[in-house]
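Undergrad: Please read through the structure below; I'll follow up with questions.
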């Protein structure tokens, strides 16, 4: 049981780190231009230098929603990690980690909403550049989506023995 708890803890920490990286880095979309590789994230558009991400007024609300949901997912994941540590030392044997699982389900939902909005509104929006494709941050966000769902289900069914 200790090995299972340690494994879940390590995957949870990895998920938090990947969420930080995917939210902070500006490599959600990557394309080529005459000046080299161009990357676009949630915050900046980068080639050799980084500038504010140009969005029109129709897309600004969607971008703010993606930014907010990704930040919320980080917050809920960190809260779930803290709650796991607290419940690990305060729960009696045989009790379940319901609160931790609930916070991870909310984190999962925030990732789902944020990445889905980004996919629907911003995929392929780098039409001015050649061969746009998704960057590693977009892929990390979907991996965090999977990990947070698996972790939340494990927390909900896990019993301390």
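The first residue you see is number 1, and the count goes up from there.
Each Cβ is built from the backbone N, Cα and C atoms, and glycine gets one as well.
According to TrEMBL, the protein has these features:
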TRANSMEM  7-31  transmembrane segment
TRANSMEM  68-90  transmembrane segment
TRANSMEM  97-118  transmembrane segment
TRANSMEM  138-158  transmembrane segment
Undergrad: What parts of the chain pack near the transmembrane segment (97-118), using Cβ distances under 8 Å and only residues at least 6 beyond its ends?
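TA: Residues packing against the transmembrane segment (97-118) from afar: 12, 19, 28, 42, 62, 65-66, 68-70, 72-73, 76-77, 79-80, 83-84, 87, 91, 138, 141-142, 144-145, 148-149, 151-156, 158.
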Undergrad: Going along the chain, which residues at least six beyond the ends of the transmembrane segment (138-158) come within the CB cut-off of under 8 Å?
TA: 4-5, 8, 11-12, 14-15, 18-19, 21-23, 27-29, 70, 73, 77, 80, 84, 96-98, 100-102, 104-105, 107-108, 111-112, 114-115, 118
